[in-house]
Amino acid sequence: MTDTLTITRPDDWHLHVRDGAALEAVVPHSARQFGRALVMPNLRPPVTTAAQAVAYRDRIRAAVPPGTAFEPVMSLYLTDKLPPEEIALAAEAGVRALKLYPAGATTNSDAGVTDIRHTYKTLEAMQKHGLLLLVHGEVTDPAVDLFDREAVFIDRVMIPLRRDFPELKVVFEHLTTQEGAHYVRDANRFTAATITAHHLLYNRNAIFTGGIRPHYYCLPVLKRETHRVALVQAATSGSDRFFLGTDSAPHPAHLKEHALGCAGCYTALTAIELYAEAFDSVDALDKLEGFASFHGPDFYGLPRNSGTITLKRESWTVPETVPYGDATLKPLRGGETVHWKLM
C-alpha cells in the first residue's frame, strides 16, 4: 500500500473563482495545489470580450499569494451574438477557450446560447484560431427529465456539432453519466472531457441521506450509482480523453442553505486530496498523475508543469467553514474526514 504519492503539479481545467472579495478568498485554495486553472467566464455580466478576460486575469493574478506559481487560463462566454471578430482578439490575448452554456442551464447562464446554430460563424473562427469549445452538456428543454439532460444533449447537440466541426477541439465539461463517458471514449481525438471529484465520489443519494443536504447539490446534478461507477472507470482508465476539472463553485453558505439553494459544490479547498481518495478507492493511484497533470495540458497544447506535489495517506478533518468575503463558505465534506493530505 502506497502511503506517499509524488506527482507532477496538477492543473484544474474547470474552476469558478467569482470576483471581488469572493475571488480573493478562494484563489489561494486552488493556487496551493494547482499550477494552472481554466477559469469559467460566468460572472455578472459575463466575460464576453478579450479585454474583459485580460482584466479578469489580472484580478485573479493579484489574489495569488506571493511566491506561489499559479496561472489562470482564461475563457470567454459564448453567446448567440458574440462576433466572430472577437475570436482573433481573444487568441492574441492568450484566451484559450469559449464556454457554451445552454441558456438557463446553470448559475449565471441567462445570457447563454439558445440555439447552437446561432454560433456557427463564431465556431468557424474558433476552429481557425485553435480555441477550444467547452460545453455544459445539458439541454434545458422542460420536457426532458433533469436526470436525462446530458444523454439528450449528446443526441441533440454534440453529435451534430461534431459532424459540422470535426476538427474543433471540444471539452465535454463535468461528465456525469455512463452515456457521456462512453461517448467521449469513442469520439475522435478532438473530443475530451473533465470529471469532478464529487461526481467520482458521490451518487445522488448524497443529496437526500438524512434530509436535504444542499452542499451536495450541483448542476449537472449527481446521478445514480451506475453512472458514478462509469465515471470512475473512465477517469482511472488511463485514457488521455479524460482529465481533472473540479467545477469548484463557491456560494455563501446562507445561499446554499436556502429555499431556492444555489447549485455548486465547493471542492477547491481539498480538491487533489478528494481525487486521490477516489483513485485510491479502486486501487488506481498510478493513474492519478496522467489524469491530473498530463492529459489536460496535452489536449490544450500547453506544456506540462515542471514542479511536483506530494500527498500523504493521512486522515484529517476539513474545516467546517472558511471565510468568504462578508459571508462564510462551507467546503464539501466540511467537518468530516479526508484520507489523503497535501504536504
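Positions of Cβ are set from backbone N, Cα and C atoms, glycine also.
Given the structure is predicted, the values throughout are model-derived calculations rather than measurements.
In the record from Swiss-Prot, residues His16, Val17, Arg18, His136, Leu219, His251, Ala263 bind substrate; the candidate from Asn42, Asn203, Asn205 listed for the same site is Asn42.
Together with Lys99, His136, the Zn(2+) 2 site in Swiss-Prot holds one more listed residue from His118, His129, His174, which is His174. Site annotation (Swiss-Prot): Zn(2+) 1 is bound by His14, His16, Lys99, and the candidate from Asp247, Asp280, Asp283 recorded at this site is Asp247. A strand conformation is recorded for His136 (substrate binding site) in the three-state DSSP classification. Take the CB of Leu219 (substrate binding site) and look out to 10 A: across all protein chains shown you find 20 other CB atoms. Its Cβ placed at the centre, Val17 (substrate binding site) has 25 other Cβ atoms within 10 Å. For the binding-site residues shown (His16, Arg18, His136, His174, His251), fewest C-beta neighbours within 10 angstroms: Arg18.
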